[in-house]
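Novice: Residues or ranges marked as disulfide bond in Swiss-Prot (evidence: similarity to another entry): CYS392-CYS1044. Sequence annotations record features per position, and here Swiss-Prot assigns region 'Furin-like endopeptidase recognition region' to 1174-1177. The repeat 'ANK 4' annotation in Swiss-Prot covers 572-601. For 605-635, the entry in Swiss-Prot reads repeat 'ANK 5'. Residues or ranges marked as repeat 'ANK 7' by Swiss-Prot: 674-704. Annotation comment: Swiss-Prot describes 774-803 as repeat 'ANK 10'. What Swiss-Prot records for 807-837 is repeat 'ANK 11'. For 874-903, the entry in Swiss-Prot reads repeat 'ANK 13', with the evidence type sequence analysis. Annotated repeat 'ANK 14' per Swiss-Prot: 907-936, in sequence order, evidence recorded as sequence analysis. Per Swiss-Prot, repeat 'ANK 15' is recorded for 953-981. Positions annotated as repeat 'ANK 16' by Swiss-Prot, on the basis of sequence analysis: 982-1011. For 1046-1075, the entry in Swiss-Prot reads repeat 'ANK 18'. Taken from Swiss-Prot, the feature repeat 'ANK 19' covers 1079-1109. Annotation source Swiss-Prot lists repeat 'ANK 20' at 1115-1144, citing sequence analysis.
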Amino acid sequence: NEELTLEEKAEICSELELQQKYADIASNIIGDLSSLPMVGKIVGTIAAAAMTVAHVGSGRLDIEQTLLGCSDLPFDQIKEILETRFNEVDRKLESHSAALEEITKLVDKSISAVEKTRKQMNKRFDEVMKSIQDAKVSPIVSKINNFAKYFDAEKERVRGLKLNDYILKLEEPNGILLHFKDVRTPKDDSLQSPLFSIIQERYAIPKTVDDELAFKVLYAILYGTQTYVSVMFFLLEQYSFLANHYYEKGDLEKYDEYFNNLNNVFLDFKSSLVGSGASNNEGLIDNVLQVLMTVKSNEFLGLGKNSLEEMLNEKINLFSKIKEEIEGKQRMTLSETPENFARISFEKDITTPIGDWRDSREVRYAVQYASETLFSKIGHWSDPVSVRAKACPTLRMPVDQTRRNVLVFRKFDNSKPQLVGEITPYQSNFIDIDRDLYNAASNPDSAVGFMEFKKLISNGANIRAVFNQGRTVFHAAAKSGNDKIMIELTFFSKYTDINQPDKKGYTPIHVAADSGNAGIVNLLIRSGISVNSKTYNFLQTPLHLAAQRGFVATFQRLMESPEININERDKDGFTPLHYAVRGGERILEAFINQAGIDVNVKSDKGLTPFHLAVIKNDWPVASTLLRSKKIDINAIDENNMTALHYAAILGFLETTKQLINLKEINANAVSSPGLLSALHYAILYKHDDVALFLLKSSKVNYNLKAFGDITPLHLAVMQGRKQVLSEMFNIGININQKTAEKYTPLHLAAMSKYPELVEILLDQGSNLEAKTITGATPLNLATFKGKSQAALILLKDEVNWREPDENGQMPIHGAAMNGLLDVAQAILYLDATVLDIEDKNLDTPLNLAAQNSHIDMVKYFIDLGAKVNTRNKKGQAPLLAFSKKGNLDMVKYLFDKNANVYIADNDGLNFFYYAVRNGHLNIVKYAMSEKDKFEWSTTDNNRSDGCSGECAISHFAVCDAVQYDKIEIVKYFVGTLGHYSICSPLHQAARYGHIHIVKYLVEEEVLSVDGSKPDTPLCYASENGHLAVVQYLIRNGAKVNHDCANGMTAIDKAITKNQLQVVQILAENGVDFRRKNRLDATPFLTAVASNSYEIAEYLIREKRQNININEQNGNKETALHLAVYYKNLQMIKLLVKYGIDENIRNGYDKTALDIARDNKISSIVEYLQTKSGKFRREYKSSNGEHDLLHENRISNFTDSKNLEYQHQHFINADNDASQSFSNTAANQNIDVIGTLLLIDVLIRRFSKQGYINNKPDSASDGIAQAAALAITEKFEDILNSLHNKSTEEQVDFAEVHRKIYAALRSGRNSQVHQVLCSSLKSISTLKPEDIKKLVSVVLSFQSSISLPEVSASAREVYGETLHLFHES
């Protein structure tokens, strides 16, 4: 078997979500161990160890991942990743000019935010690409994918280059920078074109919860947009780097060129991404945000797409932040290029030669504006001035009117320019002297440097002037080692001067220690410098730097300071002793001889100096540490890794031998949480020589079990280490060892990429029939992991091919699932009876082969006589599988093999529906042509969705074609076959918002825009908020006031679903605001009753002339009454704000405040009493018949405690009498209490009572008589509907009427409930089916109410009440 390439292995392992984990650890390892005293190999080693821990996960080494070779990644891929990262870090360590620092910060911050989420999407996007088959969409998405892959590949390739190659690559004519700049152009291979095509065609807007194509395209547009943004930041990063590079080289012309490119790239991309304010054009991010908001607003998101909603919110936040970041940055640079107004005169008496000043040389000056974080380009160079006898001229220039600082640059002849100083806003004279002082201190010729220093100081040079990376003359002298200058500086300076840090936190003593200038270090210590000060990024002290460089003399001078802390830690917890490991034996010897040194000191990751010496494979250094009697050779890091573990991981054979020979060594120490020993690691990382040595050592336990009971033998099989296995067999190891999951070595070999190991283990007597914890034999695993060779080897050895695992699956099922035809043939040759054998999911081999599209396998099984109509537990069958995937040839083949064409899955979907839903027109046409086998007019009893009676396949097929937005199939059904009325396609297209289908049906098939059903297409589109469809229908003559079903209009539908934009469109197109619906409510009242605050506000504010804010419904209720009923304080405030009359009384003589008081809604009462201004009035309670007739709202019914109490009290009063009734009902799952409550609601509606007031109000005789009679008659009608004669015999309705009348007349209203419940309890023959019928009859009476003094609107309210109860 050939080894997988790194790319192939990475792809396989990424499917196990390991690749990203490794890459993330590799990316972070630089940051985590950035101050490590050695990088290169040591960081790679620690990264590998860290990844092994990640690989082990919660403690168990994942067998499948190891078998795939994923454990190699820490040493294969990590090396590539780290090399790339180190090259990148090396480049970034170059100093940035001040002008580029802020840009670099912005770019780094933004790249990390965008790239993090883009990398997370990368793997998923490949899956999306493979699954998109749509002819229109696939080419567009492919462009996004192709560009993204090219961008990633080029970006990573460039970043891995060394500095010179990196520069050459970036500056290639017509190279990657130019190509990436074209991403925002409409070129065919750009990103702009496909992204806007998707947006404009609305391909990323899902029509239904099952619109998988749209969800995939949505994923694509998000990935593409993030790539677009990444391209911008990548370009900014590269142009910033190039500008900085040439700034450091002194090529200011090149610097200006790239500085200008940097700004232009930003402005161009800013315009494309967030639009141009001048033209009001929306940018890409705005369009994408609109798409996200549209998708988020779809109601079906709650139906199983919660993770999608979470993703949408995440992306909305991300793109909003990116937009804010880009919009907030007006420019990357100052737009103005400074003019050079400098007048140069030599006024100082400083004679040449000094520093760079030599007679006959020519000097030029250029300036740059600096304003907060923005910088301009560097201006043109001044005319040259010849140097004649004098140096350090004075520059005079006008004060900048905008109060910007001016940076001054100097260049001699064609040499590298230097920054020589900064002119403050109110300064007009500048003496060019301070840079020469800095240069004098930097001069390696200390005598010349000192002489120049003295002359410049005497002429007023400033020792505090700041230059490169914030360094002063103190830093320069510390680096050059000029002790005379340093003596002068320390004599005249303040304490703060000698402790002044540069931009990275290096003080002069840091620089001296890093340069090995022991004398300067000694001088600075005596001057009182802080000897333990730390750098900013890595928190290194001067002692860290001296130790790393191996400067023994400097170390000794530092140690003479009484304040020195020899164990001071850096950012990652490394002490100077750790750094000394890199410095060598001499410096290490000097360290361990110091009093107070901790030779076993650990870093934050738990690494000791001895760990580092072994990882560095530097045994002389390790031996030096061993000379300390206190050294702990078995010290462990945070993962319980000893030095021996690292030697085994790295494959250092000689170091491993040295360690094993140490008397105190613990050869069997195990890591945590994986419990892996050095032997485990040597095998895991394929270091055979180390593993063989450890196997032969008497100190090593070769049967040691890691977490999950994985032994070295198991690992040797997983990694295919034949030589190691041979040695294990020689020493008599048990070859049937089992892991915690009962894997034997033979199981692992059967799953591995080393089939030859199966034969080797069989020759050693491995158990063929051993089972894992899931009941799988080696043969089971070989077939289910697709290992054909291993399976065939096992089959030759008289293995049991009928052995099922815990899922009832046999080797034949695994062979079928993975298309192992040769294995299936071998099994069926041995035993033909397994051809149709089912697993626990009722899957046969044929069904599994079909589900996985193994065509040859399917045909082979059918040719042998397999049952072609096999169905599993979900109803999946071969014909359904191939139809779903669009394989016409296999559909034809199965037709010819007499497959049942009407076979359906558990959702009632047959092959025809699958073809329709997935847009496979070829299969649809073929099916329609096979009339002798398939007839779409056949009644389908498997489905009932959207069909009130018996419907044919044709009905569901047309409905599906429209719902799933398959326009070509719709055209075929409607246009070609002429089925205009089946499933009302125009209505369905409007319901689901498929505008192109709507247009086709109206324009090409000339269907009426108002349809022929009670509900019009406009009704459906309005209710579901499909703006484009609503606008189109109206433009094409749809009647906006046409009746919808249930006596509503389109605007009513839109209002009840809170579709504000639809309401606005309808309002502008002639909707009748005075028209009342079946609830006797206008659109305005409907908005209030629907709690649609935004719509109510819009109607009041924008359509005031069309509405009457004080209008009343049939019960004389105003919007304020309704808002109180629904306890909507926000709505109440809105109505009061716009002047609604609070004094209006409803049909029961109640104001809104009365109702709030009756229902004890304290917040509303308080507001209406105290905060409603001029409309407030004193409330006077009136007693009498109005209380009895007051009709309460549904919310009050559900809130009532009185009814529940009365009902429960009554039921519990006679448990014995009701026992049989209750038991029977309970056994039949009948909601008796709910039924009684429903009847109670019915009766209270008839009596116009609502829930009974607690105070005993008596009613007038006439009203009480009428109400009692109405209640009794309706109660009798309901019971008579049961056609139960004993019911009529057992209930005395005259007595019922008498008791109800007495209760109402005396004001004891709550007794009505008891009277009716008592009557029901007296019916001993009432059965559960009677209760069910009772409920249905109660509901049916909503359409046949005839009671005294009950208005039509009251009946409608009553009907709505019953409807809501029924729904609940």
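The count begins at 1 with the first shown residue.
Cβ atoms here come from the backbone N, Cα and C positions, even for glycine.
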Novice: What average pLDDT is reported by the model for the repeat 'ANK 10' (774-803)?
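Specialist: Here the predicted model's pLDDT, averaged over the repeat 'ANK 10' (774-803), is 94.
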Novice: Under 8 Å between C-beta atoms and at least six apart in sequence, can you list the same-chain neighbours of CYS392 (disulfide bond), or say none if there are none?
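Specialist: Counting only residues 6 or more apart in sequence, the Cβ neighbours of CYS392 (disulfide bond) under 8 Å are PHE346, LYS348, ILE350, ILE354, TRP357, ILE431, ASP432, ILE433, ASP436, LEU456, ASN459.
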Novice: Which bits of the chain, at least 6 residues beyond where the repeat 'ANK 19' (1079-1109) starts or stops, bring a Cβ under 8 A of a Cβ in it?
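Specialist: Same-chain contacts beyond the flanks: 1051-1052, 1055-1056, 1058, 1060, 1063-1064, 1067, 1071, 1073, 1115, 1119, 1122-1123, 1126, 1128, 1130-1131, 1134-1135, 1138-1140, 1352-1353, 1356-1357, 1360.
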Novice: Mind checking which residues reach the repeat 'ANK 14' (907-936)? Cβ under 8 Å, same chain, six or more beyond either end.
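Specialist: 134, 210, 875, 879-880, 882-886, 888, 891-892, 895, 901, 942-945, 952-954, 956-957, 960-961, 964, 966, 968-969, 972, 977.
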Novice: Who sits close to CYS1044 (disulfide bond): which same-chain residues at least 6 apart have their Cβ under 8 Å from its Cβ?
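Specialist: For CYS1044 (disulfide bond), the qualifying residues are PRO1014, ASP1015, THR1016, CYS1019, ALA1050, ASP1052, LYS1053.
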Novice: Using a Cβ cut-off under 8 Å, which residues of the same chain at least 6 positions beyond either end of the repeat 'ANK 16' (982-1011) come close to it?
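Specialist: Distant Cβ neighbours of the repeat 'ANK 16' (982-1011) are 202, 207-208, 946, 954-956, 958-959, 961-963, 965, 967, 970-971, 973-975, 1017-1018, 1020-1021, 1023-1026, 1028-1029, 1032-1033, 1036-1039, 1042.
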